[in-house]
Amino acid sequence: MPEETTAHPVEALLRAVEADDQSAVLAIASEIHYADLAQAYQDLDEERHPVFLKSIGPELAADMLVELPESMIEEALDHFRPAELKVLFRELSDDDRVDMLQAVGDEARLRYLGLLGPEDEELTRSLLRYEYDTAGGRMTTRFGRLFASMTVKQAIEYLRRDQDNTETLSRIFVVDAKGHLIGRVRLRDLAFNTWDTPIRDIMAEVGSEQRVLATADQEEAANILLKYDLVVLPVIDEFDHLLGIITHDDAMEILQEESTEDFERFGGIAGDQDEATYLNTPTFSHFRRRAGWLVGLAFVSIVSGYVMMRFGSVLSQAFVLSLFLPMVVAAGGNSGGQATTMVIRAMSLNELIQGTGTRVAWKELRTGFLLGLLLGICMALFTAFILPAFSPGLPAGIGYPRLALSVAVALTAQVTSATFLGSLLPFGARAMKLDPAVVSAPAIAAIVDVSGMVIYFSVVRTLLGL
């Protein structure tokens, strides 16, 4: 007899909600991770949301709401009474509270700000000045901060008193009397030195490259964290005043958001990237974000048809040429897409600084030529030695060796040009102040479809004398 398997906590939670068993919902919710709570909430029908939130209460709901897609946050908050919202907002860290308020409408934001205590409201309003996708919009102000004039004993006592307002003590930053960032210490530095040791004697410097302006893009902050293998990154203003920190887990979340956005743009999906899962995104949203690119590319494809029509006489004289046309066009699309992907990836990792476009284009031109030459040789061998076995008809005066040469030259030229073009498009987009990821794979494929047909028909008509 097979053993009875234990249900996944999310499944058990969903069954408890469906059964309207509030005590069971609370018991299960108290034992599972808030990310699983968020998943369960998204999997429920909307009419079950009030029961779910009432069962778990504002304390558990606080962390769960942080994990929800932005489009679902305001709807969830509407299910709580003002007294419950005060508890919920008090449970949140300042950066999570700001993220949540940035996800709701202006009217709701003002209403929720009025529920905060005076200190929390002042801090939250100051953080709301920064856009969500900036370092200031993602930072937290709950971190370890010491003054250079302190001794080790004073520092430990200060941190102990301030522990409720500190999110992490893995790195503790040191400021002067005016709040300027001047160094950092670790807990082990405090533990392994005598109590009368001045903090300024044991602190390490924080280089200018290991801090970020509050107005900088969030992706820049995340890249600094990864590049220098930092646990936390200090956020400063233009006068070097320490404002907050961005943690390593924040960096992972930022990079996930940015990579999703780049991936969708590269795939020709327009609009703002939403955190909602695929199944929870409305059908019309999927339609709206894809339609623009597809309609535009459909019109571009008409040009391909026009090229085919102009060279129709070539195909009518040697119909065997139609055998190689899809392969030549596809090879260009694949090689161009590869080149664009490589360049955009290098750009996103800050491997390509200003002025490197010429070097990249030259490198990809050589790479494309070698790839095209390899494919051309392979297709020439196929055409000369394998294709005759299938006995396709050839026009008088055109032998298989001559056909093989024509296909090889066309394929080499197509792959070389497509790879070269694919490497240049991201630089062109960046020069026009556009996101290079907007130069998507469908767009490249459409461009090289046209160029591939022109190259192929021009080469075979010249070399075969058609």
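Heads up, the Cβ atoms here are built off N, Cα and C, so glycines get one too.
Per TrEMBL, the feature domain 'CBS' maps to 139-202 (among others).
Summarising the annotation, TrEMBL assigns domain 'CBS' to 203-261 (among others). If you average pLDDT over the domain 'CBS' (203-261) in this model, you get 89.
Under the heading transmembrane segment, TrEMBL lists 291-308 (among others).
The transmembrane segment annotation in TrEMBL covers 314-332 (among others).
The feature transmembrane segment is assigned by TrEMBL to 369-391 (among others).
Annotation source TrEMBL lists transmembrane segment at 403-425 (among others).
Sequence annotations record features per position, and here TrEMBL assigns transmembrane segment to 437-459 (among others).
With a cut-off of 8 Å between Cβ atoms, the residues of this chain six or more beyond the transmembrane segment (369-391) that come close are 324, 327, 331, 335, 400-401, 403-405, 407-409, 411-416, 419. Within its own chain, the transmembrane segment (314-332) has Cβ neighbours under 8 Å at 372, 375, 379, 383, 392-395, 398, 403, 407, 410-411, 414-415, 417-418, 448-449, 451-453, 455-457, 460-461, 464, 466, counting only residues six or more beyond its boundaries. Remote same-chain partners of the transmembrane segment (403-425), defined as residues 6 or more beyond its termini with a Cβ less than 8 Å from a stretch Cβ, comprise 320, 324, 327-329, 331-333, 335-340, 342-343, 357, 360-361, 363-365, 367-369, 371-373, 375-377, 379-381, 383-384, 394, 436, 439, 443-444, 447-448, 451-452, 455-456, 459-460, 463-464.
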